[in-house]
Amino acid sequence: PSEDSLAEDHQPEHQQTEAPLVRAVLGELRVSSVTPSSVGLQWSVPEGPFDSFTLQYRDAQGQPQALPIDGGSRSVKVPGLSPSRRYRFHLYGLRGGKRIDRVSIDIATAVAEPEEPPPPSEEPQPEHPQTEPPPSETPPARAVLGELRVSSVTPSSVGLQWSVPEGPFDSFTLQYQDAQGQPQALPIDGGSRSVTVPGLSPSRRYRFHLYGLRGGKRIDHVSTDVSTAAAEPEEPLLPSEEPQTEHPQTEPPPSEATPARAVLGELRVSSITPSSVGLQWSVPEGPFDSFTLQYRDAQGQPQARPIDGGSRSVTVP
């Protein structure tokens, strides 16, 4: 609808000429939330019902947009808006394919938050202790991150874990720079207390920054420096792709058999995704001190993943 025909309409105005025998009336259109890129709206239906609703507005380019809403809804979130911009929203109640009533409201989206600074430089920053949240962002109930500790290190991955002495946080973000110096951000759900970072390079020092978020804001952050393990020397040639029927899986190489036999069971697939494979196995006779999983990546480079001797499964990311 053109702004000319709608500009003078007020929120609670109802189009009486189209009212059916049983009245259907829209209550006031109110704001439930505002962000730089979205607006939440809610309304009531004092008399009804309506079959459906339509929310109309113009986007930042002035193009009309119409958002269909089912008749049982009493709220909607409008995404994809521009920050610091005023919008006029018109909510129409429909019955029998006709617009029965309409309410409107003007709303300005929030100002875009200033971009967070890039991850802190590699130099230590003693003036900002790890567990101290930025004072300006501290909510009424404090949320504090505990120390960020290393739980595992391989040539291509690092495991990290942390605690939350005071909280909770809605989510976390782990930031670091890859081997090419490109910034990486790994989103983590708010219930997690550990993460494994894959795809790293061997014998390289990384600085990891863990941010705790609440209400979309960074409340606290902790950091740690970790060096990945050295690449293991290449094992003798990986087994060829051809099946080796003369060497069943469960038969240990005779020359390597220890006084007490240690035998691997069949290697089975437990899960498959486009970017990972889960494997599991048994140990009919043992034990083994540890395991090593070898494979070649998409570039044909040999990869070796160390696994502790008590494990019976692994996920290859």
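From the backbone N, Cα and C atoms, a Cβ is placed for every residue, glycine too.
Unlike curated entries, TrEMBL annotations are predicted automatically.
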With TrEMBL as the source, which of 155-177, 178-200 is set down as region 'Disordered'?
178-200
List, by number or range, the same-chain residues at least 6 past the region 'Disordered' (295-317) whose CB is under 8 A from its CB atoms?
154-157, 196, 198-199, 231-232, 234-235, 238, 270-271, 275-283, 287-289
